[in-house]
Structures are given as structure tokens and as C-alpha cells.
Amino acid sequence: MLHTVRSRAVSQLARRAQASARRTYATIPNDRQELNDPNAPKDVPNVSKTNELPIESVHSSSALQENVQDAEERRVSQAPNRKSVWSRSQNLRSKAMAGPRFEQTIMEAQPAPQSAITLIHQQPVHWTHERTVSCDGGGGPLGHPRIFINTDKPQICMCTYCGLPFANEHHRKHLESLPTTAYPLAPQGKASEVPESQQITSEALGQR
């Protein structure tokens, strides 16, 4: 009798502990964010004030020195051309670049790649007279599997692999009448634009 009561009490305590753990570490699908975490980490600046002191460098004639406030702004920004995240499953840069590994790092001297999702939306629209176009990213090792894109609808149709935009000439007036478009309708002369000589080619090993 005593053994039965004891085993019953142990099983109840185990079920309560499992339920509490599920509540503590419940997550949102496709978001990876913990909910109701009683021990959530505090948002503490990860830039050391030691970097304010001038440090000699063998690679530069001037001493390395950094302002803590400016360094913290660079650390938490996602990219030079993008302030926020662009995917629900993406960690903030302030969360990813945390810990002793980044405390003594001078953020100004670190690489800061630009966001590709912003760069691709600077590519001008490829106009076509065909109802269907194909895109392989330029072919060769830098390309992607060839897909076919319908341009029947009066909208900008982008490649689902590389994001290059296409549109039919029959819909040019309609697209030009819109107040804004996701892609520029004509080249803007920006450095991020793919040169005309390196755009989609029909060569087997052509590059974009």
C-alpha cells in the first residue's frame, strides 16, 4: 500500500515538472523565441570600454581607438543597408555577437556585409516581349537550376532563386503609373546593379 502511494506521488511530481518545463520553454513555430522564460538573459552592452584606450597596431600607422557608444550601435545593427531582420527565424545581431569572443573586438575594423535582400531590390526590371522567360542566374558555377517564369500578369515577376525581376512590355505603362514598385523599372546607375554585359546569358558557362 505504501509503495503504491509513493509511486503515485512520484509520478504526479514528474508530470508537474514536465508541464512546467513545457510552459517555460514553449516556442513559437518558425520563430525560435522562448516564451515565459524566468531566467531570460539581460540585454547588456557587449562592447568593452578598454577599446577606448589607444592600441598600437602593426598593420596601421595610427593607433586603434574606438568610442563605446558608436561601437554598440554598429554591433546591434544588422547590416549597413538594413536596420532590422528580414526573416522570422533570424537572430538579432546583438544576440548572435555576444560573449567574451566579441568583448575586446573593435567593431569598426570588423567586416559588415550588406544585406542581400536590399541589394537585390536595387536591380532594374528585365523587360521582355515573351509570355514566359527563363532564368538560371547566369549559368555556370555561379548560377542556379533553370526555371521558367510567367509574365502574363501586370506585375513584376521575380525569380524564386536569385530574385532578379522580370516584366512584360505590354504592362510597362501600368507599372509606370504605380506610385511605387518593389524594383526600379529602369537602371539607376547604382554600383550594386549587375552590368548589362554580365546579366542573364544563353551561354552554357556564361556568368551573371
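Glycine is no exception: its Cβ is also placed from the backbone N, Cα and C atoms.
Remember, it's a predicted structure, so these values are computed and weren't measured experimentally.
Annotation comment: TrEMBL describes 14-23 as compositional bias 'Low complexity'. What TrEMBL records for 58-68, 78-89, 195-208 is compositional bias 'Polar residues'. According to TrEMBL, the domain 'Zinc finger CHCC-type' annotation covers 131-166. The region 'Disordered' annotation in TrEMBL covers 14-89, 182-208.
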Please work out the helix, strand and coil residue numbers for the compositional bias 'Polar residues' (78-89) from the DSSP assignment.
0 helix, 2 strand, 10 coil
Determine how many residues of the domain 'Zinc finger CHCC-type' (131-166) DSSP places in helix, in strand and in coil.
3 helix, 12 strand, 21 coil
